[in-house]
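Visitor: Handing you a structure now.
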Amino acid sequence: MLAQSIKRNSSYSFNSILRTLLKSVNLEKALDHFVQYREQGLLPDIYAIPSLLKLLHDLHHPLRYRENIHSFAIKNGYLKDIFVSTGFVEMYFSFGYVASSRHLFDEIPTKDVVLWTAMVSGFSHNGLGDLAVDFFSQMLREGVKPNRITLASVLAACSQLKVPNLGRSVHGFSIRNGIFSSDVVLETAFVDMYAKCGNLTYSTKVFDQMRDRNSVTWNAMITSHANNRFPEATFRLFREMVCENLREPESPMLASLLQVCGGTSDLRHGREIHAYVTRSSRNMNSDMMVEKNALIDMYAKAGDLKSAVSLFENVKNKNLVTWTTMISGYGVHGLGAEAVEAFNAMKKTGTTPDGITFIALLSACSHGRLVDEGLELYISMQRDYKIEPEMKHFACIVDIYARSGLLDQAFRFIKKMPVEPSEFIWASLLSSCRTYKNVDLGEQAAKKALAFNQYNAGVYVLLSQLYADSGQWEDFSKVRLLMKDLGLKPTTAQSWVEVERKMYIFTVRDNLNPYSEKMYKLLETLIETMHKEGFAAYGSFGCHDITKEEKEGNLCGHTEKLALAFVLIKGGGHQGVIRIGKNLRVCKDCHVFFKFVSKIKDCDIILKDPNRYHHFKQGNCNCRDLW
């Protein structure tokens, strides 16, 4: 009896100390405490198992250690306790072992709300939203009432599946059952769900009615507006959050905001965040590497490479992300040689590159048409750094060959790939086939790409453009007719530009702007001047059955031309760099037009399309007419 009493007291003391150490995140001491306990010949009891699982999880120990505890629990009959069983269900889910969690769940005779919630949450976290929803429905049929964590987990599944109707049903259920009332975690889950399902109206409504908002709530709201391309609303929310005197925004949120600025070429808001970061008291407490790297990335993507380089050079302790970000920045601006130079400088510091670094490098070589350098880096990646190439590396090599006109070499490389080429690789080859008017190979690439997804409108558009540029109008018409039969429409073209602290967006043949009449008149005048200077529009795409005047009228309606005309009119004697963004690849006509405008108006123009930056100056472009 005395021995049993001592053992019970030892177990109680062990469990109490272990839980205290875990709460204080003193993991090494917690591990030492467990080792000392075992050296005394004592074994953990049923109450210690969940704490041990948490300890091993926080220490990132391999699964086998936790499987040993599972075996120990089975031998000692501890799995009869639902708390212990639930811990093992969560453990296997955390490693992605969905089948093991499901098998364990089926063996547990009595299931409570915590166990059901673990299943719904586990499926959701492993990207199996449909199974999470199925288990939630089964749980309700079993008469088990969900708690707020259950609802938050099923809402995450709704977000994955993009099923707003189901999310609204869960919303109604939570209100009817009194679960929803003033719970910041659950309310935030609803804000996030509606936003990710594309319903910003409902998301905003829930957000506005919340009494309390935490940093997660604000992050969900700000990120959702950013992802849906509402920059003004995004930064209005950011300012509101700061004005509410919450704790300072965390680094990931600031990085997300800067990513929006880079993606939309929004330098004004990017500089605003830069100023905020500079003033922030976080300067006193951290090296701010996340913010610094995000700022370098923002400036490079927003077209201000000079500021990106200046920031980069002022970072004292550059890490791998810093170097990779700068290499990528050089790449999107077509400066392949500078990217390779930065890589060589990085190696001298002893920083070891990873697979992402090589993706940035190979992409930079592609845009800079550095074929030999790119191939040597691809070999070095495997030989010197033991990095196995992945699909993105293969795609870069195909692009390196294809952009330089070496289409046969690109095709041979694809055929020798150790894995099945992706849809993106074939589409990339097709794009270059259009540039070099290789119809036969382009048709093969299109066929391969469409085998992945016959409803990919982008592939049909590229193929039709290839036929148009090659003068095969009958084939062009067949592709367009097929798109119509499939119900496919090309992505609506948009361009945007900021003038006088306001962002303006233009669509094809836009007539809604108050300056529209002046814009079209200016474009017609410029085109007339271009003709006198020897300018001739390509006018190939989609214009084979209309008159010369109609062709030029259509070309006047291209979104990037409208944005440029607006700046020239609205800005008057515009000084400095004109920055225009576009959601589609710039066409040849507009590219030539921008070169001539930069010469005639003596201005610098930076045009960002999804492929790269085009810097027009004195009648030339840094892409050297290949993009």
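Just so you know, glycine gets a Cβ as well, placed from its N, Cα and C.
Grabbed the feature section from TrEMBL, which reads as follows:
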DOMAIN    534-627  domain 'DYW'
REPEAT    10-44  repeat 'PPR'
REPEAT    112-146  repeat 'PPR'
REPEAT    214-248  repeat 'PPR'
REPEAT    319-353  repeat 'PPR'
Visitor: Cβ under 8 Å, sequence separation of at least 6 from the ends of the repeat 'PPR' (112-146): give me the contacting residues as numbers and ranges.
Guide: 82-83, 85-86, 89-90, 93, 96, 98, 101-102, 105, 153-154, 156-161, 163, 166, 177, 179
Visitor: Compute the average pLDDT of the predicted model within the repeat 'PPR' (319-353).
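Guide: Summarising the repeat 'PPR' (319-353) by its mean pLDDT gives 95.
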Visitor: Do you know the DSSP helix, strand and coil residue counts for the repeat 'PPR' (214-248)?
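Guide: Reading the DSSP string over the repeat 'PPR' (214-248) gives 26 helix, 0 strand, 9 coil.
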